[in-house]
Amino acid sequence: MLLELIPLLGIHFVLRTARAQSVTQPDIHITVSEGASLELRCNYSYGATPYLFWYVQSPGQGLQLLLKYFSGDTLVQGIKGFEAEFKRSQSSFNLRKPSVHWSDAAEYFCAVG
């Protein structure tokens, strides 16, 4: 069975200060087989140490927080078997799952704040 992970969108936030940040998700549409591993890329632009988030939106549902990074350990464990690794040198926070299920078919959003 093939899973389709619906188009990924970059989310842009502006803090209360004049400094802006942005997120880019280069993978527009990904199809994987059930049981295969998954990596969704997220690159950010931010001057200081960012707060990073991954959200999922399943069909007909609201956004659900998968995981977040504030500081400390760069490998973050989330819900539903997802994890993400913060790599400051690459300005990335890629979402991974070792074995996807059909129920993982959804839209995934990376955010910085």
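Placed from the backbone N, Cα and C atoms, the Cβ positions cover glycine too.
Listed in Swiss-Prot for this protein:
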DISULFID  CYS42-CYS110  disulfide bond
DOMAIN    21-113  domain 'Ig-like'
CARBOHYD  ASN43  N-linked glycosylation site
SIGNAL    1-20  signal peptide
CYS110 (disulfide bond) to ASN43 (N-linked glycosylation site) - Cα separation in whole Å: 9
Reduced DSSP assignment, ASN43 (N-linked glycosylation site): strand
Secondary structure content, the domain 'Ig-like' (21-113) (per DSSP, counts of residues): 9 helix, 46 strand, 38 coil
Around the Cβ of ASN43 (N-linked glycosylation site), the count of other Cβ atoms that are within 10 Å: 18
